[in-house]
Amino acid sequence: MRIGHGFDVHKFGENGSGPLIIGGVRIPYEKGLLAHSDGDVALHAATDALLGAAALGDIGKLFPDTDPAFKGADSRALLREAYRRILAKGYRLGNLDITIIAQAPKMAPHIPQMRVHLAEDLQCHMDDINVKATTTEQLGFTGRGEGIACEAVALLIKVEQA
């Protein structure tokens, strides 16, 4: 078994800068996150956790923000490509736990769909995926509504060869 940790943060743009995409879900909100890709902090943290567990570097190494090919990239596609590499290395997901840190908008109504997307992309059961959200009680940049942060922990299991 191998454990990986991922972290990501993105700053909000101005009003009308949307869309806001978290966990592969488009969330109604007046601001989007500024990023080279679609800015999905949950999927970026999850991808980093998975890559870290497999010792495959990080999302910035695999999909550099200096490469125009990844401008506006769908983070679900990046996650699927990272997981393809993990499978090729002989590992599969054991479980994934994600914590979204945001003062607003409320994430709870969107978490079930986030779990569905993650289970689809990682070819696993929804019971292997946990997503939760918290605030920082109006402290720090997330508490002031300047951006969203996310942490993820992934467990990979070595696939037995027949």
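Placed from the backbone N, Cα and C atoms, the Cβ positions cover glycine too.
The divalent metal cation binding site annotation in Swiss-Prot covers ASP8, HIS10, HIS44. Of all Cβ atoms in the protein chains displayed, 25 besides its own lie within 10 Å of the Cβ of ASP8 (divalent metal cation binding site).
Taken from Swiss-Prot, the feature 4-CDP-2-C-methyl-D-erythritol 2-phosphate binding site covers 8-10, 36-37, 58-60, 63-67, 102-108, 134-137, PHE141, ARG144, and the record attributes it to sequence analysis. Mapped onto three states, the DSSP output places SER37 (4-CDP-2-C-methyl-D-erythritol 2-phosphate binding site) in coil.
Among the features that Swiss-Prot reports, site 'Transition state stabilizer' is placed at HIS36 (among others). For HIS36 (site 'Transition state stabilizer'), the same-chain residues 6+ apart in sequence whose C-beta sits under 8 angstroms from its C-beta are ASP65, PHE70, LYS71, GLY72, ALA73.
THR135 (site 'Transition state stabilizer'): 15 other CB atoms within 10 A of its CB, across all protein chains. Marked as site 'Transition state stabilizer' by Swiss-Prot: THR135 (among others).
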- Entry from the binding-site residues list HIS10, HIS44 having the most other CB atoms no farther than 10 A: HIS44
- Which three-state DSSP class does PRO105 (4-CDP-2-C-methyl-D-erythritol 2-phosphate binding site) fall into? coil
- Fill in the CA-CA distance, PRO105 (4-CDP-2-C-methyl-D-erythritol 2-phosphate binding site) to THR135 (site 'Transition state stabilizer'), as an integer in Å. 10
